[in-house]
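**Student:** Take this structure, written in structure tokens, and hold onto it; I'll ask about it next.
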């Protein structure tokens, strides 16, 4: 018989959110990496591209935020 | 099994069993404090809780600071006036003028009110004795997001005309006809549903998670001190983590207030200028 050392309790939704956060994490990283690179190459374009950087980050982050509420809706 | 491993196992089992002596992790109940006062208005039940009082306090303090900053305006600004004017010009020049464009200056007061209201309320999450931000209750950021949603749609219809505004939202110019099957539903969903939803959820989730993080490490410090064995030495680590997370929370407070306002400005920019 297997002796139980420790048991885990909780919601599988937490694991689901961990998985759901991978994609948006990479996406937001790419957006800001591109913004930093663009600014380093052409510093005067920083103000011009900042709006697009925030828009892109907000769009990719939306997926993580939808993932956050999904366990509440289906849980 | 070695003795240390079995000791660890018994500690873990004691904590996992959820008994009264185990560590009581903070739950969502944190965000539902006992109401201080209750009343009915037109059949709607209102509850005044600790969190409502915190919001009134934060807003009153912010209004007080702003009024104090411009009470005696002088050409050579004093300390208060300098701080107030720098804060306002950060929003007026950095967001209203640079993000929205030349038509953006009329929105500067709205954006500044939004920024300082969110900043003051967020800041309550690390102010001693308050220690909870009203923005970690979903209703507060939701109302702000709905206000923003109404304003940018109203401005878009006023500036571009209803037909033009909704046509540009549904059919972005320069998209090939075949791609419209995919683009139109996504764009409509994005502009009218996802934008306000993510504005509200982003602010809420950040403040909610920040409060839970601080609560876990603070309660952990107290628990490790009280548990009454060698665990007390680990409470130093938990306390250091609570301290570090407080500074991280300070960053999140300012950043989320900024992000909310800059996204509002970005959406207003899309509303005042036709897509091209």
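Placement of Cβ uses the backbone N, Cα and C atoms for every residue, glycine included.
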**Student:** Pick from B:84-101, B:138-155: which range has transmembrane segment per TrEMBL?
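**Tutor:** It is B:138-155 that TrEMBL annotates as transmembrane segment.
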**Student:** For the transmembrane segment (B:107-132), I need the partner stretch with the highest count of C-beta pairs below 8 angstroms, choosing only from B:48-70, B:138-155, B:175-197, B:203-225, B:232-259.
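**Tutor:** Selected stretch: B:48-70, with the most Cβ pairs under 8 Å.
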**Student:** Taking residues 6+ outside the transmembrane segment (B:175-197), which of them lie with a CB under 8 Å of any CB in it?
**Tutor:** 145-146, 148-149, 153, 169, 267
